[in-house]
Amino acid sequence: MSEYPKKRKRKTLHPSRYSDSSGISRIADGVSGIFSDHCYSVCSMRQPDLKYFDNKDDDSDPETANDLPKFTDGTKARSRSQSCLVPSPVLRILEHTVFSTEKPADVEICDEECGSPESGHQHTHEESPIEVHTSEDVPIAVEVHAISEDYDIEAENNSSESLLDQTDEEPPAKLCKILDKSQASNVTAQQKWPLLRANSSGLYKCELCEFNSKYFSDLKQHVILKHKRTDSNVCRVCKESFSTNMLLIEHAKLHEEDPYICKYCDYKTVIFENLSQHIADTHFSDHLYWCEQCDVQFSSSSELYLHFQEHSRDEQYLCQFCEHETGDPEDLHSHVVNEHARRLIELSDKCGSGGHGQCSLLSKITFDKCKNFFVCQVCGFRSRLHTNVNRHVAIEHTKIFPHVCDDCGKGFSSMLEYCKHLNSHLSEGIYLCQYCEYSTGQIEDLKIHLDFKHSADLPHKCSDCLMRFGNERELISHLPVHETT
């Protein structure tokens, strides 16, 4: 006879019961009407709802080591704190069933057939058998190898907490200690990071934005990088930083009394000279553009161009040759050039813009019969269409433009070119009024502005410079500045 018994092939009409997701296998054949007739391997079964706290026959406790009963093979029974948890349906079956301590032959064959590496570490002869407590609190040592066919597989997905609620027994003390430690660690993390909480989907979501992640470390890094304020003690008005919040509060009281506010930013000051210097250095350090209609200043030509368009919306321009009306001077000029080019040339000659007498510009338009072209004799422009040559002369040689510079008299057909031209006059110098936002490129214009705009509130004028003062005492204190120079 061989050392190992011959393996018996299992035949069944239900192969799915041999999968790893099945329950616990049968333990005895003598009970009919409760268990299935098939034999299942307990070694290959996954039991996610059973949490083992196995101490491997821990005899360290002298009080309980000698009181525990022993089995026929010399294995000690486990105490209540060492017992394992099994599903409640199995407990209800086992409470009303009497089992024999002898191991049936079917179970031996089943144990021999289980040779999977997954089950090798779960149940061996050296391990203690699973202990199941009945309602009478008597430890009965049995090996659980069977499960009822009526057992619901969904019960396997229940957590260990729900299994504890189903049983009338108190949970083991060791399990309570483990849960307390995990809860304590979670509370500590939530206290440190109150905004980081896992939602129902298992994702950690930031309460300050839409960011979410399944990792706590990613959300923690996101909060530090995106929402943690490192410059909390910085003044919003003057951008000055302070070491404490109390110093920032004391500093903020100074800005409540600031009478001078920059219209281009949030800068405030109690000294007007500081405001004037701030405007010149910050907003008009390189270029200065101002509107001649309302004296509003801009730091770029594009801003001035947009500002001019606002003025053009309020005004309506009427064509003098027809009833065309528009709010944009460029649109009016384009209309006159395209529709009334010949009449515009005649008007230019009458005003002497051409410089060669009446109809001088019209006489410059000739027709080349050899090449069948209309040619401009002023610049050589040519085209097969007479209207194209008339449009060219009206645009380039009539010197009638929608925008004309007041300083040099040069005209421009587009507002953007006109705004860029204003930069050429800034080389002579920029003169800013120290008492308001007025600026000009001519020193005489600034003097006239000071005499008319600030003579009432600042009647005392310095004879050596353009400074004005509200009282005579301030003027006297200012005069030593010129004596030292």
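Glycine is treated like the rest: Cβ placed from N, Cα and C.
Which of 23-46, 431-454 counts as zinc finger depends on Swiss-Prot, and there it is 431-454. According to Swiss-Prot, of the candidate residues SER60, SER79, SER353, the site noted as phosphoserine is SER60.
Residue counts for the zinc finger (204-227) by DSSP state, with H, G and I taken as helix and E and B as strand, are 11 helix, 4 strand, 9 coil. Using DSSP to sort the residues of the zinc finger (460-482) gives these counts of helix, strand and coil: 10 helix, 4 strand, 9 coil. Cβ environment of LYS226 (SUMO2 cross-link): LEU208, CYS209, PHE211 lie under 8 Å away, each six or more residues apart in the same chain. In the predicted structure, the zinc finger (233-255) carries a mean pLDDT of 73.
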